[in-house]
Amino acid sequence: MEDGVDHLAFERSKAQFDVDEMKIVWAGSRQEFELSDRISRLVASDPAFRKDDRITLDRKELFKNTLRKAAYAWKRITELRLNEQEAYKLRSFVDQPAFTDLHWGMFVPAIQGQGTEEQQQKWLPLAYKMQIIGCYAQTELGHGSNVQGLETTATFDPKTDEFIIHSPTLTSSKWWPGGLGKISTHGVVYARLIIDGQDHGVHGFIVQLRSLDDHYPLPGITIGDIGMKFGNGAYNTMDNGLLRFDHVRIPRNQMLMRVSQVTREGKFVHSDVPRQLVYGTMVNVRQKIVSDASVALSRAVCIATRYSAVRRQFGSHNGGLETQVIDYKTQQARLFPLLASAYAFRFAGEWLKWLYRDVTERLQANDFSTLPEAHACTAGLKSLTTTATADAIEECRKLCGGHGYLCSSGLPELFAVYVPACTYEGDNTVLLLQVARHLMKTISQLGSGRKPVGTTAYMGRLDQLTQYHSDVKKAEDWLKPNVVLEAFEARAARMSVACAQNLSKFANPEEGFQELLADLAEAAVAHCQLIVVSKFIEKLQQDIPGKGVRQQLEVLCSIYALSLLHKHLGDFLSTGCINPKQGSLASEQLRYLYSQVRPNAIALVDAFNYTDHYLGSILGRYDGNVYPKLYEEAWKDPLNDSVVPDGFKEYVQPMLKQQLRNARL
């Protein structure tokens, strides 16, 4: 802390719960807390990982800075003999998107999930030691969400026992894979498998892209970076790439063959490994994205909450202090639901980790019964949490007033780095429509006696839910978990049923689906919000130690649910789940809940346990010493290196002296 003064000490003294115990709830376990705490401090205390200069670097310097940090991180991981989990934490606390994210996050898992034992033995040791660096080359210039529409081809040549990888059109150029632009030596390339002129769909192939001697692209390969992206610094540390193949040959054994193979004779065969395993991997990737959403959202909320307590504006009486911005009800109504959402998404992510383990165990036992539901559920939660988080980071910037627009607030860069999550690993609207398809299928199968499972189990009570009317009579009734849950179940069920009824009016169901896309997406959102609310409520049924911790979480759970009810009041009223009076009572209860959070707000964001280095924000500093640090930071800008700026004498001085004809314009 600066000068040992904690400007937020008074706020911290008001906490009505044990912050250290809440830190463990947030982390997931004491062990997880200790790991994160140790690694985050290790990174924060190492000057090699400083990041406050990123925004002033040009693209080439920025990229070189990223390479230096990635190499240094690998050096530290090796020296300290960190295990896989510790190494992952270290890379995430370095907090700079880099080629290593895709190597460890996509390339290695693709080989683990889709490679045969033999292929794994060949490629993984090289990847684990980073003797090869990989990327995941799926998305193309012309196709992203529609993977089945990819145009790159892999044609089998039986004479040489090779595949010929080729980009037949401009739109078949691989476009966007991180790490591809300048660094990756290898890629898992997705291409259409062609044998004897027959198309067998999209499969993965391991392709070497660059020489391991001089790093030049191999013959037949055109490769480069796709250019600057949104924001200052931000995701421009990543070399998102473009890639074209001109009849590049690879050995047959470089097709990832765990699920299906091409034999020496050119026969396409499925192995006895179920295709559904690929969905298991997708569940895992999306589970990580939901956990990442809670991290990004909590960082933004931490900055906005601390600064709202530091900032004072208006309301001074007799020369006294002005009012803290956090005491204005408008600020609370915008900020506290975001704080509650951070906790809600954290617990949803925790539950998804369990779901992934459960699905994996079932797959190994050849039980695919829960897979469609798990797949739809992770798709929906990926969409819901990333959309909400991207919107929330921007809302937090606005909650910080003018200073939130400064790069030194940390919010512009956090936003720019985070927003692509709404698109990668499935465009959020496309994912909602996948959820909607699953919901429509679930409803259509109810008649045949198939019981809905998992997060769609409530659909098995459609008769009851379509008759449901809330019996809330006073504001406090909205604090009862079953009252909230029933209202959210009834809303979701009725919106899905309304879509199913409208669909049945169309002779062609697919035509109907296209016509009702907007309604279907809204029904999917209602279903996903129900999942998050129900998982928060389930979390509260667990044993939660620590003075006052459970009470705080109960308040946050109520705020999450009732702020959604308030925001989507039209849904709840139009479906007849609640009446207008009950809607007003929910809003009244929400106001009271905000006043309960207020004394605990700073302690609730302290529970995230973020170092100042990781937050990267002057407004969100732990000690609240904002103004002197903002002033100090301003002088570090390169424009302030000189008193008179470059260009003044050539362009501005002649104007001031009215000698424009001599000016060098």
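Note: Cβ is positioned from N, Cα and C throughout, glycine not excepted.
These come from TrEMBL:
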DOMAIN    18-133  domain 'Acyl-coenzyme A oxidase N-terminal'
BINDING   Thr139, Gly178  FAD binding site
DOMAIN    279-440  domain 'Acyl-CoA oxidase C-alpha1'
ACT_SITE  Glu425  active site, proton acceptor
DOMAIN    481-657  domain 'Acyl-CoA oxidase C-terminal'
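Sequence features annotated in TrEMBL and their locations in the structure.
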residue : record                       : contacts (Cβ under 8 Å, 6+ apart)
Thr139  : FAD binding site             : Lys174, Trp175, Trp176, Pro177
Gly178  : FAD binding site             : Pro97, Phe99, Asp101, Leu102, Cys135, Tyr136, Met238, Asp239, Asn240, Gly241
Glu425  : active site, proton acceptor : Val285, Arg286, Ile289, Lys382
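Summarising model confidence by region, the domain 'Acyl-CoA oxidase C-alpha1' (279-440) averages a pLDDT of 94. According to DSSP, the domain 'Acyl-coenzyme A oxidase N-terminal' (18-133) comprises 90 helix, 0 strand, 26 coil.
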